[in-house]
Amino acid sequence: MKLRLLRCLRQQSAKPAAVMGQKEEQLQAVHGHHMLKDMSKGGRDTTVKILLLGTAESGKTTIIKQMRILHINGFTDDERREKIPEIYQNIHESILQLVAQMGLMGIDFGSCTSERSADYILSLPGSAPEYLNEEYCDHVTTLWNDVGIRACYDRSSEFPLLDSAKYFLDNFVRISDAEYIPSTEDILHSRKITTGISQITFRVPIPKSMGGGEQEFRMYDVGGQRDQRNKWIQVFEGIQAVLFLISCSEFDQNLREDPSQNRLQEALKLFRAVWQNRFLASAGLIVFLNKYDIMERKIRAGKHIVDYFPEYEEFCKRPQQDNCFDESDWTKMFIKQKLVDITQEPFKRHSRNQVDLGTSERECYYHFTVATSTRCIRDVFCDVQKMILSDNVSGMGLL
């Protein structure tokens, strides 16, 4: 009876949420148009504009969520409830993908019960159920506890799987509760493909050493998939800083949209294009080398970047660096050096989008981050904020 009553209440609140979603889709183009107009007003606007760039699943949207947590009081209970369908979909896609890969990878289920549960999951559509009934929950729990599914998960770098799959499946009992309300950590781990342009505006205190007061920041997020990147140029104007995210953990994975392309190689190629783009020549550039925690777990599990980047072996022959104590440290430094090398390449003039800056000084700042850790992002963004205010804003006479 309690579950039935809750379902009724959710059905009543689901309709406005659906309507809200439809309105958001209808207004998305108009919303993006107004943002573009806002970004091109000129020097009178003292708002510091930051553009988030990077490949898909690098953590850009998670940074937007963190800014909301840190500077706009987080999420209300209603906003948390609105995230439930997204989290259900993440769980459903994860278990469906794992089951589908079992046969392709030649991995057997650990029991006949698990095989029946797999048949049940495969019989469902790709969209998650609106409510997690007892039968569905039993099958998901059975599968996640299966030794075969765990073996399949251990090889998840060989097929597309959400980084948050383990987090949500480990917490499935809590999430499947009828009275479930997503925690902040759940929201940070949830993923939904970004399309179009989104933004968040917030204010932060200015250090007394820089005059005190407050500074308004506006952060823009654009989709990182290949078919979304043609929209990036629309938001280049008026940008004071670019925050480029690259996932350290993706050295052994390939793109969803192009299974033949290594994800880290794609990210490095994209960074080169951003670094050399003439429309961003005056913007400060900060790189978040994100998801190093996942990278470290992969290395402990036996993955090695040298299997995908043979030049890593030569890199490790360099004189011992003070901050390199194990393979994880060397891997982090190797990826960072890849980026540093790109910034030292001569600028090519074969494209009108590129400009020769060989005679000017331009710096790039690097931070290793875990985007799902609020403490980490708070500490790192504090440094980023000071850098932007001192190097970019003051130089442009905005303070």
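Note that the numbers count up from 1, one per residue, in the order the chain is shown.
Cβ coordinates are placed from backbone N, Cα and C, and glycine is handled just like the others.
Note: TrEMBL annotation is automatic and uncurated.
The annotation GTP binding site is assigned in TrEMBL to 57-62, 163-164, 188-194, 221-225, 290-293, A371. Around N290 (GTP binding site), the C-beta neighbours below 8 angstroms that are at least 6 residues distant in the chain are S58, G59, L245, I246, S247, C248, T369, V370, A371.
Around the Cβ of T61 (GTP binding site), the number of neighbouring Cβ atoms within 10 Å comes to 22. Per TrEMBL, Mg(2+) binding site is recorded for T61, T194.
Using Cα positions, the member of the binding-site residues E57, L188, V222 nearest to T194 (Mg(2+) binding site) is identified as V222. Using a 10 Å radius centred on the Cβ of V222 (GTP binding site) and all shown protein chains, the other Cβ atoms total 23. Cβ packing within 10 Å was compared across the binding-site residues L188, A371, and the lowest neighbour count falls to L188. When the binding-site residues E57, K192, T194 are scored by other C-beta atoms within 10 Å, E57 scores highest.
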